[in-house]
Amino acid sequence: MKAKWERRDWLGLIILPLELLIGNNLTRIPFFKENPFYFLIGVIVINVLAFLTLITLYKSDLKTQWKEYRQHLWRNLLLAIVLVVASHLLIQFVRDALPANLMKIPADTSGETVSQNDFQGNLQLVALFLAALPSFIAPFSEELVFRYLLVGKSPNTLIRIMMLFVQAVLFGLIHYANFNGNLYATIPYMAVGFFFGLIYLVYRNIWGSLIVHWIFNSINQMIPTLFIIILTLLGIAK
């Protein structure tokens with residue numbers, strides 16, 4: 001694993017914190033608070049910019065490691081599916097192991113989040129798709145920062161082991177908004193972040209954990225979203 005840090009790595013490291021900081025404060029701007037659809041567009045733009053920045057910074061690395069990954073593409077994809085199933089089982093196991101009262105998701109009373117009720121008609125379908133889009137591209141940004149930078153570029157074994165735990169905690173914490181600020185509910189995602197880190201260490205290739213993460217997110221959000229949209233357009237789901 002390449003351990004030497006470069007200038008681009010320091011820039012790459014601040015991309016996700018900036019994305020979260022800006023995205024979580026958009027509702028402080030009256031225009032976005034009063035216009036849920038434009039707020040959603042703003043969040044998408046921030047996510048896409050973060051994605052494009054990291055892809056640009058690490059394009060050569062992604063390209064080189066993809067050539068290695070695709071040498072056994074079908075085997076790797078089949079293994080990825082098995083690892084996705086294992087990821088879901090791990091999350092469920094950790095959730096079940098934690099006290100149920102700690103895992104309750106509090107009701108959102110801030111008025112700062114967007115819900116389906118904010119949109120009507122076809123706009124609701126567009127909003128539904130846009131809301132799912134970040135989860136579709138997030139694996140690229142998150143794997144590059146948490147696994148490739150924090151774990152992969154650790155200078156020695158001891159630091160690498162430490163960063164394996166650090167990145168897992170950080171990975172869980174960035175999902176706190178999914179649970180209306182309940183930090184306890186992010187613990188299962190810390191566990192799966194640790195699991196993704198182990199996958200990266202075994203593969204020694206960013207695509208190993210990235211593909212697993214991407215399939216995991218797609219199954220959780222993008223595929224169900226597209227299914228609902230199709231059923232709605234066919235007049236089956238209302």
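Just so you know, glycine gets a Cβ as well, placed from its N, Cα and C.
Note that this is a predicted model, so its numbers are computed, not measured.
Summarising the annotation, TrEMBL assigns domain 'CAAX prenyl protease 2/Lysostaphin resistance protein A-like' to 127-218.
Here TrEMBL flags 12-31 (among others) as transmembrane segment.
Sequence annotations record features per position, and here TrEMBL assigns transmembrane segment to 37-57 (among others).
Within the chain, the transmembrane segment (77-94) has long-range Cβ neighbours (under 8 A, six or more residues past its boundaries) at 187-189, 191-192, 195-196, 199, 208, 211-212, 215-216, 219. The transmembrane segment annotation in TrEMBL covers 77-94 (among others).
Note on the transmembrane segment (125-146): residues 12-13, 15-16, 19, 36-37, 40-41, 43-44, 47-48, 50-51, 54-55, 57-58, 114, 116, 118-119, 167, 170-171, 174, 193, 196-197, 200, 206, 209-210, 213-214, 216-218, 220-222, 225-226, 228-229, 232-233 of its chain, located 6 or more positions outside it, place their CB under 8 angstroms from a CB of the stretch. Residues or ranges marked as transmembrane segment in TrEMBL: 125-146 (among others).
Positions annotated as transmembrane segment by TrEMBL: 158-177 (among others). Within the chain carrying the transmembrane segment (158-177), a Cβ under 8 angstroms from the stretch's Cβ atoms is held by residues 16, 20, 24, 142, 146-147, 150-151, 183, 185-194, 196-198, 201, all 6 or more beyond its ends.
TrEMBL lists 183-203 (among others) with the feature transmembrane segment. Residues 69, 83, 86-87, 90-92, 94-95, 98, 102-103, 105, 143, 146-148, 151-152, 160, 164-165, 167-173, 175-176, 209, 212-213, 216 of the same chain lie 6+ residues outside the transmembrane segment (183-203) yet bring a C-beta within less than 8 angstroms of a C-beta in it.
Annotated transmembrane segment per TrEMBL: 215-237 (among others), in sequence order. Among residues of the same chain six or more beyond the transmembrane segment (215-237), those with a C-beta under 8 A of the stretch's C-beta atoms are 80-81, 84, 87-88, 125, 128-129, 131-133, 135-136, 138-139, 192.
With a cut-off of 8 Å between Cβ atoms, the residues of this chain six or more beyond the transmembrane segment (37-57) that come close are 8, 11-12, 15-16, 18-19, 22-23, 26-27, 31, 114, 118-119, 123, 127, 130-131, 133-134, 137-138, 140-141, 144-145. Assigned with DSSP, the residues of the domain 'CAAX prenyl protease 2/Lysostaphin resistance protein A-like' (127-218) fall into helix, strand and coil as follows: 80 helix, 0 strand, 12 coil.
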